[in-house]
Amino acid sequence: MSSRYRVEYHLKSHRKDGFIDWIKGLLAAPFVLHAVSHDGDDNDELATTQRVRSQYAEIFKDIESLVSDKILFDERNDQYRQYIESNDVEEVIPLGQPRLDLLVPTIGTFFTQLPLEKAFLWEDARKAISSRRMVAPSFNDIRHILNTAQVFHFIKQRKLKSKDQLRMCTFDGDVTLYEDGGSIVNTNPVIPLLVKLLSEGVCIGIVTAAGYDEAKTYESRLNGLITALNGSDLPYAKKRNLCVMGGESNYLFRYYEDGESFGFEAIDKEGWLLPRMCTWSQDDLTQTLDFAEKTLYRLKKRLNLPEEAIIMRKARAVGIVPGHFKDPETGNMVKIQLDREQLEEVVLTLQNSLEGFAPAQRIQYSCFDGGSDVWCDIGGKDLGVRALQHYYDPENPIKPSQTLHVGDQFAPVGSANDFKARLAGCTLWISSPKETVEYLRRLIHDE
C-alpha cells in the first residue's frame, strides 16, 4: 500500500520533468526487449548486455544530435527576432520549431552542447545500467547522465582554453552545500573545492532563498567557508569573487577582509539591480505580498493547519513556517511537521492565485516549497543569477554558456525555486551535498 502510494505520488504532473520522462520512454523499448533470463549462461548474458549498451548509447547519441540542432535553431530564431526588432519589420515569417520542441513541448533552453553518449558510457561503467534486467533506467540514472554530460562539456572547454570556459558557478544553500537547515562547518568537504574554483578565477555565487538584509546570518551559515578563505593565500581580488545573493534576487553581499575582520558586506542595490527590476513599483510589490499573505491565512484555516504554524512577513517575502509546541511528556519544545501534501497544496494554490492577480503580473515572484515551509519571494533565482553575471563583469557580462548553477529543486511547476535558474545558465540537478562534492571533484580534477 505504501509503496503504491509513493509511486502514484511521484507521478503527479507537477513533480515530473518532461525531458527526463521522454528519455525514460525511449530507453524503455530496448530494456523490455532484452529483459530475459539466460538461465545462468554467462556468454548470453554478456552478449545481451553489450547489445543493450549499444542501443542505449545510440539513443543518447541521437538525443545529443537533437540538442545540437535545437541550439542552432534557437540561435537562428534569436538573430531573426533581433533583426525584426531593429528594422521595424511588419510582416513576421515564423521560422518553425526545432524537432526537440515538438517531441518535448516543455523543453527549455540549452546553452551548451551535451556529450550524452560519452556521459552514458561513463555512468554505465560505474553503475552497470545496461546489465540490469528487472529495473529499467530510472529518473535518477538519467539525471546523473545529464549532469555528467554538462560536467564533461566544461572539462572539454577548459582543456581547449575556449572562450566558453566556466566563469561563474552558483549554488543553492540547503541540501546543496549543506543539509537542510544546516551550515558549512570547517570540516565540510566542499570548502577546498570552492576555494580551488576561486583560485582558478571562477566566480562563486551562493543564490539562496534565505532572505536577510544583514550579513550576520549568512556569515554564520557559511562560517567554515569564509574562515578557510580568510586563511588561504589566494589574492584578495580572487577572494572577492565570493558573493551571496539572498532572498533569491533581493540582497547582495560580497566577501571582504579588513585587517583582522572578514565576512560579507552589503552591496547597494544601485550597483547590481537589473534594469527590469528597477521598473517594478513599490505598490505592486506591496500588494502582491499582501495578497499572498491573505491567501496563506485563508489556507491555514481551510487546511486546518496547526495553530503553531507561523505566517511570517518580510520586506520582500512572505511565508508559512513550522512553529514549535511544548511536549507534555518531556516538557521540551518540539518543532511541528507539516505534511507533504499540505505543503504542496499551499504552494500550488498560492501560485495559482497569484497568477490571476494583476499587480503580481507586473513584477516577478517565486512561490516554492522549502521542504518544511512555503514562501513567496519577490524576484527569482533566474534574476539572481543574471544579476551576478552582470555584477562580476559589467563590461563583458558572463554568458549563460559560461555559467553553472547547482541546486536540488528543479521540478518544473510551483514547488521548486532552482527551476528558474535554467533560464540564466547551465545546471546540475543534485539531491544531496554529497553529490555536489562528487560533481565538483569531477569538474575540477577530471576524475
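In case you wondered, yes, glycine gets a Cβ from its N, Cα and C as well.
Here the structure is a predicted model, which means the values were calculated and not measured.
For the IMP site, Swiss-Prot lists D172, D174, D180, T208, D373; matching the candidates K163, K381 against that entry yields K381.
In three-state terms derived from DSSP, D180 (IMP binding site) belongs to neither a helical nor a strand segment and is classed as coil. Of the recorded residues, H144 (ATP binding site) and D408 (Mg(2+) binding site) place their C-alpha atoms 13 Å from one another. If you compare Cα positions, T208 (IMP binding site) sits closest to D172 out of the recorded positions R126, D172, D174, D408.
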